């Protein structure tokens, strides 16, 4: 039975510096844990074939589909500010699948064994972190945030050693590409200018049609990546998503969210929110994400300098001019998104102050971020100390006055809010509940019901009510781990 794979592997035609050909390491007993049916349909794949013994063997790395050219990608990165050589240490790119509609996507196996870039690691992944990536990436997709996606997770029938023995798994990740800021840093540091140019031309061909018309195609590349990242990070902030590990190797050229290791969603609103156990200094805190985005983009610009202009001073001036636009573009996307969350379609001078005052009140009263906007959308002001305060009532009057100045009806304004304020997000305690049932009890029904609720986050359906509930009070802050 044919699964429908159609591989055409353009990355494998880049100079060999950018990859090492390597096969996934077979696993003992691959068994399908979860298959993303809607994504399989979108990719033009046959679900029955994917669920078959041969299909599952592909997901486990035990069988290579026809046309695939497995390889591990080379890249570098600034990890918590320190530059290092990296590469796919536990992932193998099977190749690029071209869908019936002509879309080209990477098909990567994560947890598929050692590669030349493993640096002492075992190349494997645990079931818990792979299911976490599946849940959160699907939630992000449903929220309308550009992201890599997960086609399948298989258990391996093997255990791996981390702090304890854990069940092994392999995740099949689907991405527009796996080109990263760190890929360009690697080329600039260790490649020739011809190799750097080949990579840049490839990125333009793959992601930015229309580059032929640009006066300076490499400046165009920089500007396009800046715009996509400004919009992406604004979208993160608008839903309270904390990535947790914004190293330059985890910033994509495509503008998709990648690497869900220590990520989490904010409950109580605070700019200082950090979940990652290794982010002890708060470098990647919620409120710092826009700044780190700019820092990473500056590293991207540095990598492109030899291509921007032969004259170094001119190249630096061009790069700086593009980078200066980032905070403006980020602020534009964030402010228009915040207006939408408050039902505002038109721009007025006092909007920024209105938004800032609400966020200040939320922080002062330790209000839940998602549920505050949910309450504003529904007009139901119960269950939070914030709503009992005189300051909030005064703010609410100002907001209602501002809403009355819109040219659209009040109903249309509230409909706008519904489209921008999710009723449900993957709350951390619910993610843990789903993972515990699946990993420890082999019960995937909790995860399936959770994914169903997350699949339409703006529905405001009765079935979503329980997933909007806050976690029980705890003395211990929620902590995440990268899973490597």
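Including glycine, each Cβ sits where the backbone N, Cα and C put it.
What you are looking at is a predicted structure, and each value in this text was computed from that prediction instead of being measured.
Per Swiss-Prot, ATP is bound by 87, 89, 90, 110, 122, 123, 173, 180; the candidate from 54, 201, 259 named for the same site is 259. When Swiss-Prot is compared with the stretches 441-462, 463-484, the one noted as region 'Disordered' is 463-484. The two recorded residues residue 87 (ATP binding site) and residue 249 (active site, proton acceptor) have their Cα atoms spaced 9 Å from each other. Secondary structure at residue 90 (ATP binding site), taken from DSSP and collapsed to helix, strand or coil, is coil. Residue pair residue 90 (ATP binding site) / residue 249 (active site, proton acceptor) shows a Cα separation of 14 Å. The maximum pairwise C-alpha distance among 87, 89, 90, 110, 122, 123, 173, 180, 259, the residues recorded as binding ATP, is 23 Å.
Under 8 Å, Cβ to Cβ, and six or more positions away along its own chain, residue 173 (ATP binding site) finds 91, 106, 107, 108, 109, 110, 133, 148, 149, 150, 151. Rounded to a whole number, the C-alpha distance linking residue 250 (Mg(2+) binding site) with residue 259 (ATP binding site) is 6 angstrom.
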